[in-house]
Amino acid sequence: MRILKSIFAHPSGRIGGAIVLVYLVIALCGAFGLTPHDPLMQYRIDRLHGPSASYWMGTDLFGRDVLSRLMQGVGQSFTVAFFSVASATIVGTVLGLTAAWYGKRWDTVLMRLMDVLLAFPAILLALLVVTIVGPGTWTSVAAIGIVYTPIFTRVVRGPALSLKTRDFVDAARTFGSSRTYILTRHLLLNLVAPLTVQVTLALAWALLTEAGLSFLGLGTQPPAASLGLMLSDSRNLMEQAPWLLAFPALAIMLSILGFNLLGDALRDILDPKTRRA
Amino acid sequence: MNYLIRRLAAFPLVLIGVSVVVFVAIRLVPGDSITAMLGTEAGLLTPQQRQSLATYFGIDQPWIVQYWRWFTGLFSGDLGISVTYGKPVLTVILERFPLTLELALLSMLIALAIGVPAGVYAATRNERPADLGVRIVAMIGQSTPSFVVGLILIYLLSVGFGVLPTMGAFTPLWQDPLQNLSQMILPAFTLGCAFAASVTRVSRSAMLDVLSDDYVRTARAKGVPERKVIWRHALPNALVPVVTLSGIEFGYLLGGAVIVEQIFALPGLGRMVLEAILQRDYALVQGAVLFIAFNFMIVNLLVDLAYAVLDPRIRLEGR
Amino acid sequence: MTSKFRGLLGLTTAAMLGVSALVTQADAATLRMAWAQDATGLDPHKQTAFSSLRLLELIYEPLVRLDADLKIVPGIAQSWEFSADGKELTFKLDPKAKFQNGDAVTSADVKASFERILDEQTGAANRANYLSIEGIEAPDAGTVVFKLKQPDAPILTAMTDTNSSIVPASEIAAGTIGTKAVGSGPFKLERWDPNSKEVLVANKDWAGGPTGVEGIEISVLPDESAILAAMRTGQVDFALLNDPLIATLVPNEAKLQLNRAPVLAYHVLQLNPARKPMNELAVRQAISCAVDRQAVLDTASLGEGKVTGPLTMPVYASDPDSLFCYKRDVEKAKKLMADAGFADGFTATVIAATGEPPTAASEAQVLQSQLAEIGVKLDIKMMELNVYVDTWLKGDFDMAVALNGGRPDPYTMYNRYWTKNGNLQQVSNFADDTLDTLLQQGRAETDPDKRKVIFADFEKQLAEKSPWVWLYTSYGYTAQQKNVQGFVPMPTGSLYSLGKVTLQQ
């Protein structure tokens, strides 16, 4: 509750939070079919119509309502972003914590492994994953998740290492607390702040990466819509139907903007090191 | 020193890891060099024909043999022969690398030239309308996918103004610098845009931090002109995080900018790897990814070292 | 954007880029060309990619070639004739024909070239078309005789293919085919940076010469909207376009001209008759009846093309309206589905390649919505081209959206799929006595009129048995500045006439 209040008090948190909230509502509507039209319905007579009273954002090549597809697309893009970041966070956190806790060989092996993944050019790593498994929602999730896992591992390991040597952890250990208890209760709890910030920013990046993958034709599968796919479908129609490019582009910019603003606010609020007096 | 040695010692291990991953991954992808060359016509080949093509492409042996052959070649600087280019992989990579390097440097230059002054300016106008304006623009810049910027730039310039930097038929810098720059300016700007946004944000917040430091307050109290306080006293220290950020970004850019290269038809490393994956040019994919990973690690090491030099408070051992 | 800002921006950019405009104006006798996909290799016998052929046909020449009406005209050979029993084919070579290394093209080169194609070790793409060749004789330097096991009418058409180009015997012996391009065509390849550019210079020794331009510089611009942008600003004289969405924008520009030629390649929905329930004739027919081909064409290609039956070459093609269910009939489709016991429909997966052709994803989506009306639920699976090819070759799909290449001769075009021992049986998964017999008859028949009758029957049968649902043929597009003169668009997509193209100042 307190955190919500501080977000609301922070100017960019207010804006970012509002944007993200609006998007969540849109995404839910899109996911549950609460759209002005059926996003898959092809109204063939109305192909490539500009924005009008019945199609607020116009129609696409197939005569499908762009607004409805945009809503579904937001749902889709958010699903990919959410699940990929969630999996990267969970896997990254577990790996980072255990690396910090057990140290020695395990730490070395894990971190070298993460170095291997980090040294790969991100988009090419995602691309390889997608070409091997074949594109689809869950492939995108996996691909983006794999790219971000090492980042989370590092984010967690660093602070966890320094926390491990702190007095309260030593104290807990001498009191005979179980390993799991210490790991979750003491270490994880203290890592919530940097993680939250990282998650918010990673969401913004995941949205961008999803768009990039779809742009190369390797993301969401038609006829479903995602913001990236709508963008890439529209690029050769940019001149005949600029609305096809404009609305998804705006939607993607705004969503990333929202997460970036919120991330900034959270960093100011939660991360005492960068907090200014 | 100890730290440096440990970091360097890890290099070969990580590189071997990278090479194994890429070696296996590229072979797990369905299709091979033969289907890449012949397309659906590959179905017309007799088993005998297929076999002789497999020998030609060097994919007739078991994976482990192929890997060993490739791996042992590394020690004599032989990364194999690219089947698409018909040249040694290293030659192909080194032909493409100057462009990628130039693009990375140019876009960094653009980003820094825009980002640092904008960030400093915003910091001096903290929380006033000008500051908010800069921050909003930076935020938007950071939130726009580079391919959207690129596509819109091309469209506006060619349709709106009838001018466009030369596309394709890339001219290397040393052949004709002006021609080369006119080709590079748009893609560099496209890449630089998003990066300028992060530079702005980082330099702004770093500047704010520094401006609240004691030594700056002292300088101000001593009556040093505000201009001098900002540019001479505060800026050098505020630049530390900017250097780090630029270094990391530079490391990424050296891996090639796939989408921007694609849109602007630049024969850089990123597009080369993409094409090599699509054409199943195994040797080239392996060599290029290894090359990119190596550069990335070197640049990161240098960034860490630079960080330690610029900011003595940081102890490398702990990181 | 305010007009003031617009003007300012325009001015700065113009100043910034003015230099480059001057540089590119300098040598106007070179044709500046662009395409989105680059050639993938230089071996004329092995390369089958569309873009590779477009490059290689400027460098190499076959014995005979096709003109714009698909009639066979002289290439390296000046004249040719079949013996009375159809088992001997004799060529007289053009005495002026010279390779770019200065050597004359002789019967020894022709013999060596065909022996290379026939050698299994080579992996030549066109080998399957020449299996009736029993021996090749070269009685003198200017004469070549092909001895055939049986009469083979389509063999002459097969010889028009760039994949049957004549290469120097000396280069074969040296093993340099594929690394060095030495042909007898209008242009010499001076430089090739794969996926970046090609530099071609005029071949002064070309027998058909002289060429109209001093050279061609080809740039690879992977994004077709960038090609259009480059043409608008006058940086490119001539370009190859694939995407009808981009091509249709060209006529809007006063300076530019769009060339369209109907091509032989066909867009098709391949069904896999080896899989249930596509093994049922009624189900396949139902699908054929439920598809509105014109609507697929209108939506996916903006109407750029023509609905087609299986045969796409004008000489043999029947009127599509005369074929089975080419008028959409949903009621009939539903009845057929019910007859086959699938009144409630079924679910199937359709594969398509990303961007190849650019319309593939769109076609799949239109087909999906059309077939939904008879209860057939399609899941679309887009694949990277190479993955698609691999899957396609294994016949590992329920249905596939494809753009398959066409040939000027019906037998060469379809024997691979619809004869019982066709090399692509595992893709078509459909062996049928009638189709097999008709193709064999058509192959042996040398009288053109009788061949037409045979293949008309073949086409009718094929449409009715509906192993595939043929959709439409599109256009091959090239775009040019209006000062480019003399280009003749070809149904094969060939750019060979670039040899005669001139640039008007």
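From the backbone N, Cα and C atoms, a Cβ is placed for every residue, glycine too.
If you check TrEMBL, you get these features:
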- B:7-29: transmembrane segment (TRANSMEM)
- B:97-303: domain 'ABC transmembrane type-1' (DOMAIN)
- B:103-123: transmembrane segment (TRANSMEM)
- B:144-164: transmembrane segment (TRANSMEM)
- B:184-202: transmembrane segment (TRANSMEM)
- B:238-264: transmembrane segment (TRANSMEM)
- B:284-310: transmembrane segment (TRANSMEM)
(message) If we skip the immediate neighbours and take only residues 6+ beyond the ends of the transmembrane segment (B:144-164), which ones have a Cβ under 8 Å from one of its Cβ atoms?
(response) 186-187, 189-191, 193-194, 257, 259-260, 263-264
(message) Under 8 Å between C-beta atoms and at least six residues away from its ends: which parts of the chain pack against the transmembrane segment (B:103-123)?
(response) 130-131, 134-135, 138, 184-185, 187-193, 195-208, 211, 230, 235, 238-239, 242, 246, 249-250, 253-254, 257, 261, 266, 268
(message) If I count Cβ-Cβ pairs under 8 A between the transmembrane segment (B:238-264) and each of B:7-29, B:184-202, B:284-310, which range comes out on top?
(response) B:284-310
(request) Residue list, the transmembrane segment (B:284-310) vs rest of chain: Cβ under 8 Å, 6 or more residues beyond ends. (result) 4, 7-8, 11, 14-15, 18-19, 22-23, 26, 70, 79-80, 82-85, 89-90, 92-93, 97, 239-240, 243-244, 247-248, 250-252, 254-256, 269, 272-273, 276-277, 316, 319
